[in-house]
Amino acid sequence: MRSPLVANIEMLRLINAWTRDRFQFIPPALAVLSFSFLLIKVLAGLYRALNKTTATNGHGDIVTENGLDENSHSLDGPIIFCFRVLNLLSVLALLSLSIYLVAVDEDVHVLIALVAFYIYVSMLAGCAIFLSPRWRDTSHIHASLLLLGALLVYAYLDVWPLASTDHSDPEIPRDWLIWMRIGLLTLSGAVIPLISPRPFRPQHPDDLPNPEYTCSLLSNLTCSYLDSVIFYAYRVSDITMKDLPPLPRKESAKYIDDKNASKIDPVLVGTKRHVFWGICRVFAKNYARIFLCVLCYSFTVILIPLGIKNLLSYLENGRPQVGFRPWVWVTSVTLGPLILALLNNQYFLESAIIVTEADTLLTQLVFDHSLRIRMKSDLLEDRRKSYKGDGKKALTSDHTSSATTPASVEEETRVEDTVSGAQIPAGTHTPVESSETPKMETDSSVMDKTEGEEKAKVNGAQLTGKINNLLTTDLNQIKYTQDVLRIPGTLIQVVVAMVFLYSIIGWSSFVGMGIIVVCLPLPTYVSKLVMQAQKRKMEKTDARIQAVTEAMNVLRMIKLFAWEIKILDQITKNRETELRWVRYGKLLDYLGLHNSNSIIPIVSMICTFGTYTLIMKKPLTASVAFSAISVFNIITRQMYLIVWQLPEALRLKVSMDRFNEFFNETELLDNSSATNKVSAFSAPSPSPDVIGFNAGTFSWTDINKSQSTKSAMRIFRLHFDGEVMFRRGGINLIIGPTASGKTSLLMALLGEMYCKPHGPGSWYNLPRDGGIAYAAQESWVLNETVKENILFGEPYDQQRYQKVLKQCALERDLGLWEAGDQTEVGEKGLTLSGGQKARVTLARALYSRAEILLLDDVLAALDVHTAKWVVDKALKGDIVAGRTVLLVTHNVALTSSIADFVITLGKNGRVADHGSISDILQNDAKLRAAFEKEKALTEKIDVYEEGKDDEEVKKSAGKLVVPEEKQMGRVERAALMLFFQGFGNGVFWFITLFSKILTTVLQIARPVWIAYWSSQYASGMQVPALRYLGMYSLIQLAQIVFDSLGLFLWVVGTIRASRIVHYKLIQSIFNAPLRWLDTVPIGRVIIRCTQDIDALDNSFSGTAINFLEVSISVIGNFFVSIYMAGWPALLSGGIMVALGGWLGMVYLKAQLCIRREMSNAKSPVMSQVAQTLAGLPSIRAYGAEGRFRSVLRNRQDVYTRAALTFFTINRWINIRADCLGTMFSSVVTVYLVYFTTTRAGSVGLTLTVVTAFAQEILWWVRLYNLTEIQSNSLERILDFLRIEHEPAPVESGKPPAYWPSSGSLRAEGLSARYSDDGPEVLQDLHFDIASGERVGIVGRTGAGKSSLALALLRTIQTTGTVHFDGLPMHSINLDALRSSVTLIPQQPELLSGTLRENLDPFKQYDDATLNDALRSAGLFQLQDERKPAVAGSSSAAADAEEGSALGLDTQVDAGGSNFSLGQRQIIALARAIVRQSKLLILDEATAAIDYETDTAIQTSLRTELSKDTTVITIAHRLQTIMDSDKIMVLEAGRLVEFDTPKNLFQKDTGLLRALVDESADSARLREIAGIQE
């Protein structure tokens, strides 16, 4: 039976409509087309030149708009010149040969046309040497294409007939002239164009020569241009980014954004078009080239079974089924895989471009869009409520919400693992997403309920987390949109395979196809279960990641409160729940989906063979059996791929929708340049220069829409009932109690809040033409040096810079650091104290040239003398003079003398009063009394003098954050042992390996049995087909059973290993000292606990089992090949193994280095995004969006440079592995066909095994590489297991049950330092504090106040002895000590959830206790005073609607972002009171609280705490500690004063007295201390 494909092959040599002479007219015809094209191009160029002025460079060379010479007389270097001269000589030789043939041949018409053709081509070859670069390249391309066309014509006419089994046409002369012509055409039309380097043609002045674009076409096809990088990496211990090829300009972030942003950016597009269409426009050409590769691959894949069929037919009958010589089919069998590999290679090269460019483009797009949207937690959720969708869409809308997938690892997995067709061995598991669920709930109501619960949890998450998810999980899906194009390719392959199968076995193929169609719903259903399980697993993963991320963000608090064990238990419970779903999902995937995909083709093949032999009564010869098996292997692979690709397409759609929702549904700021509306107010301001408000309400939620009021939701509104205008050119104070809306007022001016006008005359305005500088209350600093934080992109002016340092009191701080202003501030400014961060932020604002300064409570974190210095030197200084300042402050006494205008806010968010300072004083009796006392004081000499440093204070180094380590060489064995030891013991490993080995043996036994079966027909006797078919089925069944057993054991072992490694990692981090946390960015810690653990759960374990299976299969097929083919297989196989092993080592050394560079390059990109989102109000206020875009682009370019090299090097090894496999299969096949008399069945068996081996060897190299690369996650986890740890609890360290019974504290020789080589921050302290005493600690910035608090909790290195309730602290276990002492740090940390969960995270206390703690902390006092002035007024009604009362059920956003800093300090104080510790340490715990509330809190602490509770208060506000029983004064780490306040005031030269005398309210302080004037 002849198939259409076979008929088409024969038609290639039976084109009778054409004669030989007519075929020879094709090259001249192509020359005419070439000449016409060039003529039109020349005329068009002349026309353009006549219509515009052309610049020259003085030499007559044309200069283009980008400044590059259009003409150059350079000849492109000696190598290119020599190749083009050789090309010219070859064409001249062809011309001479044609002229000779004209002289001796009678038929001159064709030859004359050919002479003209070669004359034209020789002219083009000459022009390719001597013309301008533009025309040189054009001429060379035309000449090469014309010669290639001529080569194809003569190859068909003169060479193709030799492939036929019929005698060659006697009319075709084959003398030396013919072969010379073929040789010259091959040289000039193929060899020279392929091996000649390409000239460097810069399109921009910044373009650099890149080997990818200057190498030859052959080098580009085989990636040989990377040889220098790869072999250099093999010779040296490590390579860095500078050793990689330079990034082409067209792959740079700026170029990609400039070129494509207008096609996809929703703001620039102008319509809410789905992001899918934008991506299609951007990558349309790439998708077209990829689809062409897929199409060619789909039709070429049939070459191997076609060759096997005809080779075995030749061995059986002495003649192939199609009339070509055996060497044609040998070539088909041996070179078929290489052709497929080349097509695959081009697919992956094009995919790498899409992957990197999509990463670059979408990262920038999300970043740019984030700079112009409202940052609020419920932004996307609000939009979802109005977004219509069906239940199924809702089910899958959030499955990618976890940011656990490691981008770099997943990229490699996606690009490498999802190869088409022959690249996947039949026994290998396609990387379908792991999924989990012990118990499925299919009822829709249950699903909807679960979905609603999950969304309720997500509502509290920050938009920042959603953006990070877009840039990790969702971006990783969208980068691989090209994989969807494989779905039509898969369908084409199945159709082609079935057509070919029909040509082999007739209508019995329909039986097999029918079974596949009937059984197809089974894998579809299992795939649906996998998707549902994946959804459930992702929800559990999200819960764990949320717990881990939040724990890591508040890890300092966890350690200070001794919560490590309890939090570890919580995380472990979340992990166990997640692992149950991971186990279920993997079992469902491996045993359900994998087996269904395996069984269906097997049943189909068995039924097909049964029908063919038992019903059709035809012999199952070797040519039929092995070619049919080859086809069924193709169908099996396509079933794996289609079942994997369809869910991937659905996941892609979900990620597309999430991006689309972010771009099209998020709300832009009213004053964003990307939106047409300026504000919601209908009236303009009275003057463009005015700063102020009139008749409007501002809120963090959209108050222009109706909202459902929830008791647990806290809604704050800022009201302006009348006109309020700030004084231009002066200092404007904004004062008011805690949570009155002072910060919100600045945010409203900056346009960060929603606004609702009260009427047509409403307006608000903040002129931006002169620039805005903003210093936030929670100081936002970059993870850069102090100098870079102050300059903030401004040009360096030394005089202004030094003046700013002096006025902000930073000179002394810089003198304490070895690196000075080059000191790194660390992540979130962790190297700086709160006061230092505040002054750096203030210095940034002062140094800027902005006309308007918005300063949000910058004095709160400063001690009194530093605050006085800043007010006197900075705010009264020449740099601030003439600029408009809006200063939020609680320190009215200190700043009232500089105020030109004051606005007072009430606790209900309304303006209580505004006007000049005299008007405010007249209306406010309390403030007036304080002011009159200040005037009576004599101005004291400022004790604080810059430059007088204590000589004994040691300087610290400027570098703090430890760079992420990059391992060198191979993955450490200890990293792999983490997995192996956790997997199971030796017996468990043996059973697992034995089951996989037996599976491979049975897999090889299948073709062996088929070969034996087919050989029985040669005897001529009747063959019992049913018996053979039954045995074949039994072998298949046994293979499935042992395969399933091995996979089950693998799942159990990997789950066990994942559980153990995760527990060790979290435990190691929790036991690390605080100093380690200071030197390691928290983002790096979170990545270890999320991405690296996820890699262990999914990608590493999946790759490892595939590597194990392929390794066993490769070994088995290799030995079978040697057994069947003898010494040729042994010799060629030995050469292949030796070369392959060496190339693998060379490749792996380079790839590991580049992979690590790639991993390290991705972190700065994500850090830049997170850092920018954290300081978005500041960045927008400064108008610094462009600068941050530029920084992101630079970091993205570094990542792209490594990523492109990473992907291309994979292609380098693939090509070489394919060539080695082709060499091995060619030698074995040629030997079997031409040099043996082996039976067809044995040859078919050998060809099957050899072909499988040749394909698997490439797959093995890939998997070996992937396993090593993904082991990098284990390596990184191992690094975190080896960090320094705090002392572990011991039995002797457990204190008595009654301890502590009192709060007595005695220190003897206490000294402390932060690191082994660091200076002593505390030096030889001796003090004794009785139980129940209240002790205040004061001192200048850097005196060691906070260090003393940390030393008491043993969080830093200490010497000396401290006794707490009679026991030395160093002998007590850390968990016992810290659970008995409570420290409230300067920056309070809150958890997302309810207020109750923050006060009592482990549910140990009742609500009455929690409410008492809130009352003692002063929270209820704030609410009692939040009452409208007139009952029943409109303002009262508005306040009632706001629902701003706080209770235990009030929701707390992550980090407490929905509370003011003062409120967070109150909540943290309440949490400490709940613990009822005998020792309570307050470290600036009330710095952001107004004086009145602070006083009430201190009074409450005196009355509410037990009499034996010792309270140590660290404060800059002297009034906070002046009523203490004792006051401790620290200076440069030494205890200089320690006594009662009254006794310390008796010292005329005492430091405390000097601090009080400097204070503007010294009289009040003396009164508090009980000292009479």
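Yeah, the Cβs are placed from backbone N, Cα and C, and that goes for glycine too.
As annotated by TrEMBL, transmembrane segment applies to 81-102 (among others).
If you look up TrEMBL, you'll see 108-131 (among others) marked as transmembrane segment.
Long-range Cβ contacts of the transmembrane segment (143-164) within its own chain (Cβ-Cβ under 8 Å, at least 6 residues beyond either end) map to 12-13, 20, 23-24, 26-27, 30-31, 34, 87, 91, 117, 120-121, 124-125, 128, 172, 174, 178, 181-182, 185-186, 188-190, 192-193, 323-325, 327-328. For 143-164 (among others), the entry in TrEMBL reads transmembrane segment.
The transmembrane segment annotation in TrEMBL covers 176-195 (among others). Here the transmembrane segment (176-195) has long-range neighbours at 83, 86-87, 90-91, 93-94, 97, 100-101, 144, 147-151, 154-155, 158-159, 216-219, meaning same-chain residues at least 6 beyond its ends whose C-beta is under 8 angstroms from one of its own.
Per TrEMBL, transmembrane segment is recorded for 326-343 (among others).
Positions annotated as region 'Disordered' by TrEMBL: 389-458.
The compositional bias 'Polar residues' annotation in TrEMBL covers 397-407.
Feature annotation from TrEMBL assigns compositional bias 'Basic and acidic residues' to 436-457.
As annotated by TrEMBL, domain 'ABC transmembrane type-1' applies to 464-651 (among others).
Marked as transmembrane segment by TrEMBL: 484-505 (among others).
Residues or ranges marked as transmembrane segment by TrEMBL: 511-531 (among others). Long-range contacts of the transmembrane segment (511-531) within the same chain, counting only residues at least 6 positions beyond its ends with a Cβ under 8 Å from a Cβ of the stretch, are 396, 432-433, 435, 440, 498, 501, 585, 588-589, 592-593, 596-597, 600-601, 603-605, 607-608, 611, 632, 635, 639, 643, 646-647, 650.
When Cβ-Cβ distances below 8 Å are used as the criterion, the transmembrane segment (622-643) is approached by residues 301-302, 304-306, 308-310, 312-313, 315-316, 321, 418, 420-422, 424, 426, 430, 432, 486-487, 490-491, 493-494, 497-498, 500-501, 504-505, 512, 516, 523-524, 527, 593, 597-598, 600-601, 604-605, 608-609, 612, 1007, 1010-1011, 1013-1015, 1239-1241, 1243-1245, 1247-1248, 1251 of the same chain, each at least six residues removed from its ends. Feature annotation from TrEMBL assigns transmembrane segment to 622-643 (among others).
The domain 'ABC transporter' annotation in TrEMBL covers 698-933 (among others).
For 990-1255 (among others), the entry in TrEMBL reads domain 'ABC transmembrane type-1'.
Among the features that TrEMBL reports, transmembrane segment is placed at 1029-1052 (among others).
What TrEMBL lists as transmembrane segment is 1104-1123 (among others).
If you count C-beta pairs under 8 angstroms between the domain 'ABC transmembrane type-1' (990-1255) and each of 464-651, 698-933, 1305-1557, the highest count goes to 464-651. If you average pLDDT over the domain 'ABC transporter' (698-933) in this model, you get 83.
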